[in-house]
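A.B. asks: Handing you a structure now.
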Amino acid sequence: MSLSQQSISIIKATVPVLQVHGVNITTTFYRNMFKANPQLLNIFNHSNQREGKQQNALANTVLQAAIHIDKLNELNLAPIVHKHVALGVLPEHYPIVGTNLLGAIKEVLQDAATDEILGAWGEAYGVIAQAFIDAEAALYKVTEEQIGGWRDTREFIVDRKVEESSNIISFYFKPADGKPIATYIPGQYITIKVPLTLENGEQRTHIRHYSLSDTPSEQYYRISVKKEDALKKSDPNGVVSNHLHANVKVGDKVLLSPPAGDYVVDQLSSNPILLVSGGVGITPLLSMAKATLAKQPEREVTFVHSSKNKQYQPFANELSQLEKSNKVKVSTVHSETDGQITKDKLEKFINPSQIKDTKVFICGPVSFMSAINKQLIELGYPKENISYEIFGPLTNV
């Protein structure tokens, strides 16, 4: 199914309007959709809604769709498709989203949202929604039919809790049914669903993605969770992470969705790898480093990690083991004593002759990734060779 040329022209003409009113439209969209369909609150991240992150992310997605409406095949749907499958998004959710999105456009733009504009966007949404539905159906099928695979959630038991630093704990999960578990590509995440009671007594399912932090195993999954400081009831950032730290114990059961995500190392490539992480952003990169050492011991890996100080430095022993292998070059920076990672410091860690061929993976706070990304580009790393993972709604760095 393709869009008519008339609809393409109309949507292109709405780009300036979306640049001005996009966030207002998506904010209105979420408000109206949740009011009419409160069950969807069990799919979306409440903190991201409260902080406006999800609204901004959706506004950017809609804007990019409008800009590329004549070349939708150029849009990278994979990150969103993986998120949707991890969250359990189904085909029947798309008409709900479409109805509320068009309604929000009309509510915000009022008379400027003519029948012609709404018709064009309705047609476009149908095409885009079908592209997502088809891609998600294919991913659901592959995920479910692989060895040890499953669909939706599966019950796991907390086998171990290990303190990695003063604010990070690793959780080891084994399947409650004792059956095989699906493997994963280093860099992927699993999704945990936690029922929590809100202040008003209402119970909601909170869903969070956590990077898998170990090399793939046939016996367990490992995630490593940071405890958030100064949690307030009025501002419940880290509500799931802090719940895991405080209340989830060895022997408890949890519900997990299968591994997902497209932020992964190409294990068929021999290109050098540069890993740069900040704080708990180390988790997917540690998995990449350990798996590469195990499967491609001759592949060059440089790992640069920044943490506040030794107290907050996670996985010190595992980083030491990587370094002792003489196959992975490890550098740690403690910002309290060493300062932030700078372009000059990065130059000391890297091999200048490999810059053009190196695949780079960055993970950490958005401000950290933005700074590192800028420094790497200034050093000559091709933009297309730099990948980053954001713990939250998709955005640019």
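Note that Cβ sites are derived from N, Cα and C of the backbone, with glycine treated the same way.
In case it helps, Swiss-Prot gives these features for our protein:
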ACT_SITE  Tyr94  active site, charge relay system
ACT_SITE  Glu136  active site, charge relay system
BINDING   His84  heme b binding site
BINDING   Tyr189, Arg208, His209, Tyr210, Ser211, Ile390, Phe391, Gly392, Pro393  FAD binding site
BINDING   Gly279, Val280, Gly281, Ile282, Thr283, Pro284  NADP(+) binding site
DOMAIN    2-137  domain 'Globin'
DOMAIN    151-266  domain 'FAD-binding FR-type'
REGION    150-397  region 'Reductase'
SITE      Tyr30  site 'Involved in heme-bound ligand stabilization and O-O bond activation'
SITE      Lys83  site 'Influences the redox potential of the prosthetic heme and FAD groups'
SITE      Glu389  site 'Influences the redox potential of the prosthetic heme and FAD groups'
A.B. asks: If you count, for each of the binding-site residues Val280, Ile282, the other Cβ atoms lying within 10 Å of its Cβ, which residue has the minimum?
C.D. replies: Val280
A.B. asks: Residues with Cβ closer than 8 Å to the Cβ of Tyr189 (FAD binding site), same chain and 6+ apart in sequence?
C.D. replies: Ala86, His209, Tyr210, Ser211, Leu212, Pro259, Ala260, Gly261, Pro284
A.B. asks: Could you tell me how many residues in the domain 'Globin' (2-137) are helical, how many are strand and how many are coil under DSSP?
C.D. replies: 116 helix, 0 strand, 20 coil
A.B. asks: Hey, of Tyr30, Glu389, Phe391, which of those recorded positions are within 10 Å of Gly281 (NADP(+) binding site), Cα to Cα?
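C.D. replies: Final answer, ordered: Glu389, Phe391.
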A.B. asks: Measure from the CA atom of His84 (heme b binding site) to the CA atom of Glu136 (active site, charge relay system) and give the result in Å, rounded to a whole number.
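C.D. replies: If we compare the Cα positions of Glu136 (active site, charge relay system) and His84 (heme b binding site), the gap is 7 Å.
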A.B. asks: Within the domain 'FAD-binding FR-type' (151-266), count helix residues (DSSP H, G, I), strand residues (E, B) and coil residues, in that order.
C.D. replies: 9 helix, 53 strand, 54 coil
A.B. asks: Note the Cβ centroid of Gly279, Val280, Gly281, Ile282, Thr283, Pro284, the recorded NADP(+) site, then list each other residue of that chain whose Cβ lies within 8 Å of it, in sequence.
C.D. replies: Ser211, Ser213, Ser224, Ser277, Gly278, Leu285, Leu286, Pro314, Cys363, Gly364
A.B. asks: Tell me the Cα distance separating Glu389 (site 'Influences the redox potential of the prosthetic heme and FAD groups') from Val280 (NADP(+) binding site), rounded to the nearest angstrom.
C.D. replies: 12
A.B. asks: State the three-class DSSP label for Ile282 (NADP(+) binding site), counting H, G and I as helix, E and B as strand, and everything else as coil.
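C.D. replies: DSSP call for Ile282 (NADP(+) binding site): helix.
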A.B. asks: For Tyr30 (site 'Involved in heme-bound ligand stabilization and O-O bond activation') and Tyr94 (active site, charge relay system), what Cα-Cα distance in Å is obtained after rounding to a whole number?
C.D. replies: 14
A.B. asks: Taking only the Cα atoms, work out how far Glu389 (site 'Influences the redox potential of the prosthetic heme and FAD groups') lies from Thr283 (NADP(+) binding site), in Å, as a whole number.
C.D. replies: 11
A.B. asks: Taking just the CA atoms, what is the gap between Phe391 (FAD binding site) and Ile282 (NADP(+) binding site) in Å?
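C.D. replies: About 12 Å separates the two Cα atoms.
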A.B. asks: Looking at the recorded positions listed here (Lys83, His84, Tyr94), whose Cα lies nearest to that of Thr283 (NADP(+) binding site)?
C.D. replies: Lys83
A.B. asks: Considering only the recorded positions Lys83, His84, Tyr94, which residue has the minimal Cα-Cα separation from Ile282 (NADP(+) binding site)?
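C.D. replies: Closest by Cα distance to Ile282 (NADP(+) binding site) among the recorded positions Lys83, His84, Tyr94: Lys83.
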